[in-house]
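Found this in Swiss-Prot, in case it helps:
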BINDING   241, 459  substrate binding site
MOTIF     373-376  motif 'DXDD motif'
BINDING   373, 375  Mg(2+) binding site
């Protein structure tokens, strides 16, 4: 599974780059261990700065790199106790957030609050039903006279919020000075609408804004302009859109139009009330529901608005509740940031909540909805499936028409994030799920076309780096996506609290976009990286003492072996698995390189078997290290002994005999089959699981499942290795070959076996090792050497700042 490195890649030197702090102990052949000393602080070393030269990054849909040099000019010594206190504090803050998830933490919309403030008391005349909403408006005008998001200026957002608030205050003859200030802002900034990206225009702006203008003209002091070319253009768009609204249909079946009823004329409220949501709202929109209450005096509308106004102390958001949206997106962010392991229990609760509400027609942003959208459905589908819940791919048939997929019924265009999440969901497919294959091809085509046209702008969110996020997904298929690589890039892409969502107005989701998540992710990443650099030092020492270089293993191959292990298993507490994986891979490559013909293979296998003493399978620990013709066999034995000894110290289990048997099985196949031997993946899987303290039941049904998984993974990984060798020989990329080969169907079967829960199932951690190994082989076969060099430099040696 190795590929040749670019000559531009300079390996870090063990002696010059990294050091072990005196409080760290490590065997040259074993895992890193930590020795505590009373009242003394442990430290970690991590590179602070490097000289790098990047050229042609992400060209022709794949990352390329010219890395002239990696060196360390300085080191940062991190106070471990202080770091631990910060990390614990952040984890506790986030746990508190996750335990408090309810209907959604969302910012207030001045526009919607204004509509609520306009409602007249249902039991009185000329009295506001919600005086606290008027209070909120009066208290939340910005210094420039506008209302809206205070941290991001959007002319569309500020204009519609400001006009709505001025109308509300004027309607009740309140705060004339605030109204005047608001109208000055309105007139001075109206022209800015012309220069803004239409993709970032609030939802339904072209219908809602003209309705407000018409209402404002009935209030004399407002003096709204009526001769502006911009306004004329908006009214034309309004008229065009209204002619396309199927009013007959909107009165009969639930559609997204229920979310934007405010200001619309000619509505049959008797029919529309039949489409009301269970909570009394019209598709969870306070402004739409407020308008409905004005027209109908409906008690359920009043009940919904009373609850929301009370919840938000007078103001109301642009949509509420958003419970499903929040639960799903929070889990996605935590997982991609690489910190989900701190919140396993809370994430399980989140997914159980979503699972209870999931329907065969899909979901939307809130529970008990008669309208579904592909964005929330795709995100929920993907996460539910990956967390072992039973969900059918047939759900996506509700979002497909005439060969195309849409976000909502009746929608004409595809939003970038909707297609992006559909693309991500479509990759988690089981055998025979044609609808997901179709969804994958369609969404990929849409996204690639938008990328080529430089149109990766979304109408639902303004985020830090959507083009790079989508580009990563397009260029790195899920089967090849190693966890640590994704996390390293996503930490740079995640905007945290700077990301803004687009509804009827701009809004923020404090529990989805949270600085605490990003801070913990950065701290944890650098902490993990620090340990990885120490382990890389250990691996290099082991490499020198084992003299593997003399048998043909290059340092480049050694680094790739460690990178594949670290990219897949990154957690500090899993050092045994990571080091065992890297050393096993290095030994496999060395043996295959040094022992080439069949006679030598048989001789090597015989020497190994002759050394095995089942009564004392730690014999290798006492073998002399003087150079002999059997040194490679001795290095193998010594490594097995050291790995088993470290595991015994940590978990109290003796795995030496089992490791010998695993190697014996592989050598037996390899001596007769040579390059045709399919057992490398099996050897890695068995050793990783032995080192992980995850023990496999001996029951016949369990063993049958394990054998099937082994056969499947062996076949996949062997074919990927063949593709990789072919790629290296021909000097070409084999990406298309992988995509069009039988590997895809076998990967689908493997995904189903790993992620679909069955009665009396084996431990998921054991099953997931099979998929983890398969992904590492897929990655090595899929990516070219420049891409791998770039990933190694970024993931292992570039500190997150």
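Placement of Cβ uses the backbone N, Cα and C atoms for every residue, glycine included.
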Compute the C-alpha separation of residue 241 (substrate binding site) from residue 373 (Mg(2+) binding site), stating it in Å without decimals.
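Distance (Cα to Cα, whole Å): 21 Å.
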Comparing the binding-site residues 241, 459, which residue's C-beta has the most other C-beta atoms within 10 angstroms in this structure?
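Within the set of binding-site residues, the most crowded position is 459.
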In angstrom units, rounded to an integer, how far apart are the Cα atoms of residue 459 (substrate binding site) and residue 375 (Mg(2+) binding site)?
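The Cα atom of residue 459 (substrate binding site) is 12 Å away from the Cα atom of residue 375 (Mg(2+) binding site).
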What average pLDDT is reported by the model for the motif 'DXDD motif' (373-376)?
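Per the prediction, mean pLDDT sits at 96 for the motif 'DXDD motif' (373-376).
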Would you please pick out, from the binding-site residues 373, 375, the one with the fewest other Cβ atoms within 10 Å of its Cβ?
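Each of the binding-site residues 373, 375 was scored; lowest Cβ tally within 10 Å is 373.
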How would DSSP class residue 373 (Mg(2+) binding site) in three states?
coil
DSSP secondary structure for residue 241 (substrate binding site), reduced to helix/strand/coil, please.
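Its secondary structure by DSSP: helix.
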